[in-house]
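I'd like to ask you about the structure that follows.
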């Protein structure tokens, strides 16, 4: 009887310790390094995809990459959901144009751009990031911190 209790207690401790590893993400999301990810095979332009992500879960946005390992995880996950191609990431020039500066160091106050702001997508044929008009339609991956 003592051995049964010991083994049962050991299994309970093991179960409780393992249950916290992926329990922070909803069941239809995937977990990696404290973040939850979900690819969507619902092509949208960048702004609509970002808006869609914010409605899926508190704190959710289009995916951002902090390491090669994270990018590899997300790419594999994404292409299990949709075929190879492209998908939106959360990187864009929409929100912050302070990267632009005149050569005389004057701040950029007036603009007359010919094109819309650019957004970044991941291209599977060479695993590189590319920028294009934010109006393009693409699949996307949402992410939030668990």
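Including glycine, each Cβ sits where the backbone N, Cα and C put it.
Computed from a predicted structure; not experimentally measured.
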If Swiss-Prot says 64, 66, 70 bind Ca(2+), which of 42, 143 does it name for the same site?
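Ca(2+) site check in Swiss-Prot: besides 64, 66, 70, the record includes 143 out of 42, 143.
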Determine, to the nearest whole angstrom, how far the Cα atom of residue 66 (Ca(2+) binding site) is from the Cα atom of residue 119 (disulfide bond).
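With distance taken Cα to Cα, residue 119 (disulfide bond) is 18 Å from residue 66 (Ca(2+) binding site).
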Can you give me the same-chain residues 6 or more apart in sequence from residue 36 (disulfide bond) with a CB-CB distance under 8 Å?
24, 25, 26, 29, 30, 57, 143, 144, 145, 146
Please work out the number of neighbouring Cβ atoms within 10 Å of the Cβ of residue 119 (disulfide bond), leaving out its own Cβ.
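Total other Cβ atoms inside 10 Å, all chains included: 26.
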